[in-house]
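Colleague: One structure coming up, written as structure tokens, with questions to follow.
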Amino acid sequence: MEMICVLFLSLVPAYSRGQGVYAPAQAQIIHAGQACVVKEDNISERVYTIREGDTLVLQCLVTGHPRPQVRWTKTAGSASDKFQETSVLNETLRIEKIQRLQGGRYYCKAENGVGVPAIRSIRVDVQYLDEPVLTVHQTISDVRGSFYQEKTVFLRCTVNSNPPARFIWKRGAETLSHSQDNGVDIYEPLYTQGETKVLKLKNLRPQDYASYTCQVSVRNVCSIPDKSITFQLTNTTAPPALKLSVNETLVVNPGDNVTMQCSLTGGDPQPEVLWSHSPGPLPPNSLVQGGNLTIWRIRVEDSGYYNCTAINNVGNPAKKTVNLLVRSMKNATFQITPDVIKESETIQLGQDLKLSCHVDAVPQEKVVYSWYKNGKPARFSDRLLITRNDPELPPVTCSLEIIDLRFSDYGTYLCVATFQGAPIPDLSVEVNISSETVPPTISVPKGQSTITVREGSRAELQCEVRGKPKPPIIWSRVDKETPMPSGTMTVETYDGKLRLESVSRDMSGTYKCQTARYNGFNIRPREALVQLNVQFPPVVEPAFQDVRQGMGRSVTLRCTMLKGSPMKVATSVWRFNGTLLAQPPAEQQDYSELKVDSVSRETSGSYECSISNDVGVSACLFQVSAKAYSPEFYYDTPNPTLSQKQSKNYSYILQWTQKEPDAVDPILKYRLEVRQLAQRNTIQTFIPVQKMEKGLLLEHILPNLKVPQSYEVRLTPITSFGAGDMAARIIRYMEPINYPSPTDNTCRFEDEKICGFVQDKMDNFDWTRQNALTQNPKRTVNTGPPTDISGTPEGYYMFIEASRPRVTGDKARLISPLYNITAKYYCVSFYYHMYGKHIGSLNLLVRVRNKRAIDTQVWSLSGNRGNMWQQAHVPINPPGPFQIIFEGVRGTSYEGDIAIDDVTLKKGDCPRKPIGPNKAVALPGSGVSAQHGPCLCGPLTFFLYVLLR
């Protein structure tokens, strides 16, 4: 009777009782993966506790129609941990090897365009315990008029952890407690970063010289083991001390081989010596051997501070620093400064004049400047003064000042910078002083004040400088506080030209050129402005638009220019399926339009509008048709799987709505294509449509699907125009379990939810769901089933693996959902596979939930039972709500895999045929014997089922 009803429903499409199934998104976050929980009462939707290094798996379960899209975001993390928003179609967020900085609050945002988005959050708490750090500090104080000294030792133990760690101090094997005697004190210091506990040993006694251990624990949260560190305190314990073989400032020549020796002069236990460099790491041409640091063929860029540090966790680390300077000279510049007192900007006879010379050198203070006039050393006099370090100019700048300039002072002055006694080439700069030496002027050449170029081409901005000498030109942007294309804020040129390669629209704007105050006159800079205009092709919208309209109706297409340079439509060209359309000349405006008078099969297709602004062309693309939009599959169907008890087939309730049905002509029928995954054959049928409106839920039953196969379903609407857009989805088999009312339902483990069974968190390892296709090809031979009870490679079963790291006696427990009592007697039936010479035990337990949970073993089987599936029937009579537990126990070695399949919980008696190890066991508190007679539950259930139908 049931098969006839299912076949009848599969031929006629059904419709929902109401209209408008469009619903806003709803979301719920669940966590999977390697979660661990501190306490049972902390299990909630909003907190996910996980161990650092494990895999985080969050699932955002969504409902709503159309199917919502999911986006994950994160807050409350480190600034360095930027979590990017992504669209995850499978609603799953997975983070491998999660780190502590990735803890925080994660948000799932689901939206489908109906109502407001659904936003849910969950806090991820990453648990960790670092290795503790133990440091020792000693103080010595005079007591009673300096007759003797009192020595106090502080052992400081610090650790980073989450949750906060518990500290245990031990002296040898003895656990120390706070104030257990006058010589011991344990306290937590104020204003410490991380967690810290201090063990204070007052007025050190002989027995205090011992081995001390700091043990830290997070109480086995997430199975994180305790950690500890030990220190041996002796009467020779002392902090490290260092000495250097070189001065704290070391000046060397480029190309030298440099060795710096850092020697230990004290410390117990033996300190560790480390070398470091700032800024940056040690140079690649260096080698550290013990306390010696050697740098071969040293370069200028190897200059910096080299730090030698000795650490033994007693007292503060000892540190010595060497400031290593590699001699160098570069960038010789000069300045001509007219009479400052008279605020002059030109050279005039009778006024003062100052010539300045500067080089960038290391070390700067070791540079020696020499001045020459017309090739001869300048003679110093009352009118010719030399200042070695001019306070008005950059540090270590040498100035030659001429008082009361005369005609005889005209000539060529040469400034030479040297490192005396060092093999560094001299640098020199020449300054010519004459009546022709005049300050600079700057201007833009005629016709060059505005430069217009196309995007991607080369641009050249130019300013002309007149004067003697000609200073460099410094370019910068005026209208935007952005760097130049080179990445710097200014660019220096010597020919007055700023060359820009491959310009972009962002480079448009005003540029300033100004004279530098070096290699010329040290006066107020002269400035000029140049405007750069970058022309670029138009930006249009829409780039693509799907236009749907019923046959015979008109539609107007518009392509709008959003921006461009120049901002005007020069020409617009329309094409239909690549063929040029005649279009009247458009007026000067920022858009172009085309009207399609009547949509038909002949006028349906691709329309392209190309808009030009004489610089480039951009196009709008319109796809015009009377095709129907795609169906919208309904994913929130309750219990979509219908099982067929007489065969291992199932039916599936497929539901959908039609997107925008009124946008085009009425839908006449649907083409349905069903294909089993991994196969090519497709079954095609047509579903007629009797009624259609927006939001109406359509329904069709897919019959004779094979358990546990998955199928691809394609659904295409058909109108008088023809086939519309196709929608596809995957149909996956789900166990039709309506627990907690399990009567006559069989769990075949074909669905990932495994019928609500869960792994016990208190066992040693887990059961695994697998089939012949997913099992490990390297699995141990001579044990375990090749397939499930059905014999198909796709069929799933639950399995325990006995190979390493499992050891003898390890247990894996699989716990069912909680079942409410609706009958006096139940029968648990299941298939088991126990093949291998090292088989352990398979136990069935019943957990009764009354005032407290009580686990009772009701069935057990051990040893090799052959390479076959066998069935067991176990009667139970629980006195209250109960769960069943399958417990697999690992045997003596690796050939001991155990599997179970097809678990059924039925009301009433078990079959009366004898079952080897089966034995009825009365549960505590039941008050009845294990043997019982038949009951009328089966017929009564069938009668109620018929009434409900």
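The backbone N, Cα and C atoms fix where each Cβ goes, and this holds for glycine too.
Pulled these from Swiss-Prot:
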- 1-18: signal peptide (SIGNAL)
- Asn42: N-linked glycosylation site (CARBOHYD)
- Cys60-Cys108: disulfide bond (DISULFID)
- Asn90: N-linked glycosylation site (CARBOHYD)
- Cys157-Cys214: disulfide bond (DISULFID)
- Asn235: N-linked glycosylation site (CARBOHYD)
- 240-323: domain 'Ig-like 3' (DOMAIN)
- Asn247: N-linked glycosylation site (CARBOHYD)
- Asn257: N-linked glycosylation site (CARBOHYD)
- Cys262-Cys308: disulfide bond (DISULFID)
- Asn292: N-linked glycosylation site (CARBOHYD)
- Asn307: N-linked glycosylation site (CARBOHYD)
- Asn331: N-linked glycosylation site (CARBOHYD)
- Cys357-Cys415: disulfide bond (DISULFID)
- Asn432: N-linked glycosylation site (CARBOHYD)
- 440-531: domain 'Ig-like 5' (DOMAIN)
- Cys463-Cys513: disulfide bond (DISULFID)
- Cys559-Cys609: disulfide bond (DISULFID)
- Asn577: N-linked glycosylation site (CARBOHYD)
- Asn649: N-linked glycosylation site (CARBOHYD)
- Asn820: N-linked glycosylation site (CARBOHYD)
Colleague: DSSP says what for the domain 'Ig-like 3' (240-323): how many helix, strand, coil residues?
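Modeller: Summed over the domain 'Ig-like 3' (240-323), the classes give 3 helix, 50 strand, 31 coil.
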Colleague: Using DSSP, what is the helix/strand/coil residue split across the domain 'Ig-like 5' (440-531)?
Modeller: 3 helix, 44 strand, 45 coil
Colleague: According to DSSP, does Asn577 (N-linked glycosylation site) sit in a helix, a strand, or coil?
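Modeller: For Asn577 (N-linked glycosylation site) - judged by DSSP and reduced to three states - the answer is coil.
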Colleague: Within 10 Å of Cys262 (disulfide bond) (Cα to Cα), which of the glycosylation sites Asn235, Asn247, Asn292, Asn331 do you find?
Modeller: Asn292
Colleague: Between Asn247 (N-linked glycosylation site) and Asn307 (N-linked glycosylation site), what C-alpha distance do you get in Å?
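Modeller: Asn247 (N-linked glycosylation site) and Asn307 (N-linked glycosylation site) have their Cα atoms 13 Å apart.
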Colleague: Quiz question: given the glycosylation sites Asn292, Asn331, which has the greatest number of C-beta atoms lying within 10 angstroms of its own C-beta?
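Modeller: Selected residue: Asn292.
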Colleague: Taking only same-chain residues 6+ apart in sequence, whose CB is under 8 Å from that of Asn649 (N-linked glycosylation site), what do you get?
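Modeller: The answer is Pro703, Asn704, Leu705, Lys706, Val707.
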Colleague: What's the CA to CA span in angstrom from Cys214 (disulfide bond) over to Asn235 (N-linked glycosylation site)?
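Modeller: Rounded to a whole number, the Cα-Cα distance is 20 Å.
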Colleague: Would you count the other CB atoms within 10 A of the CB of Cys513 (disulfide bond), including those on all shown protein chains?
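Modeller: That number is 27.
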Colleague: List the Cα distance (Å, whole number) between Cys108 (disulfide bond) and Asn820 (N-linked glycosylation site).
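Modeller: Distance (Cα to Cα, whole Å): 34 Å.
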Colleague: When you measure from the Cβ of Asn257 (N-linked glycosylation site), how many other Cβ atoms are you left with inside 10 Å?
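Modeller: That number is 11.
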Colleague: Work through the glycosylation sites one by one (Asn247, Asn820) and point out the residue whose CB has the fewest other CB atoms within 10 angstroms.
Modeller: Asn247
